[in-house]
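Asks: The feature active site, nucleophile is assigned by TrEMBL to B:CYS88. The active site annotation in TrEMBL covers B:HIS197, B:GLU199.
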Amino acid sequence: MARVIVDVMLKPEILDPQGQAIARALPRLGFSGVSEVRQGKRFELELDGPADEAALSEVRKMAETLLANTVIENFAIHVAE
Amino acid sequence: MSAARVGVVTFPGTLDDQDAARAVRLAGAEAVPLWHADHDLKGVDAVFLPGGFSYGDYLRCGAISRFSPLMTELIPAAQAGLPVLGTCNGFQILCEAHLLPGALTRNEGLHYICRDQRIRVESTRTAWTADFADGQEIVLPIKHGEGRYVADAATLVALEGEGRVVFRYAGGNPNGSLNDIAGIANEAGNVVGLMPHPEHAVEDLTGAPSVDGRGFFTSILKRLVNA
């Protein structure tokens, strides 16, 4: 049993107007010192078995196929502690 | 000779299938309902992928629909030359399915936009635009929150160089689409996707800004009759 985290982010060159809106809201709420915000998605996958090499390879395929649109998004996979 | 048969796909969350079917019938073709869960294209001569919020737009617009049973039949058929038109959510599905390059992302201004929009027809060499004139300006409704077309630099150069930018926004870019792109075609010109809604602009009675949408349907009918 293991939990694998897949983080999906828009590629750096893709405009993120939601992140910009959040960045503009922060100073209005009294928070300062943030120059940029980018918004992404986090997926938590509970595996039936261990997060071994084969399982992580499968997760990579899931990310490429469904979780991320690799035309506009990058993804990163890590095993939760 | 029997009428041309144009399939209109319905996913859970599709909104514009009835308007699309009506537009097909007004043009003189038979509208054949296609259901997302069927592995069956019912032998249609062309397919219209209408707008809406298929599968609730969960994950990304079109990301789930693209793997529906109907799409697993449609993708190889489109690659083999079946004419397919996707409008709005249909365009998003075609991009997610990689039948068209690039992607549709959230509008630059974040707002959902619903208004009449001037569009310039940039290519009449596709299955769906032959009845227009090159450079013709038409007016169609747009209604979307995620219609900003993006693609990498090499893809944009290819689209422009190969004449595959089919529609461009005129009189202002509503959503921040790169190169003002409103619609594109695949290399063969049988698959076309656009954010505006031709199926909402076929009848004066409905308060449509024009009947310019009829051109899409007369184009495909001529193509099918002459095929």
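Heads up, the Cβ atoms here are built off N, Cα and C, so glycines get one too.
Keep in mind that what you see is a predicted model, and the values were worked out from it rather than measured.
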Asks: Between the Cα atoms of B:CYS88 (active site, nucleophile) and B:HIS197 (active site), what distance do you get, rounded to the nearest Å?
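Replies: B:CYS88 (active site, nucleophile) and B:HIS197 (active site) have their Cα atoms 7 Å apart.
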Asks: Within 10 Å of the Cβ of the residue listed as 'active site, nucleophile', how many other Cβ atoms are there?
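Replies: Result for the residue listed as 'active site, nucleophile': 29 neighbouring Cβ atoms inside 10 Å.
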Asks: Sort B:CYS88 (active site, nucleophile) into helix, strand or coil using the DSSP assignment.
Replies: coil
Asks: Here are some active-site residues: B:HIS197, B:GLU199. Which one has the most Cβ atoms within 10 Å of its Cβ?
Replies: B:GLU199
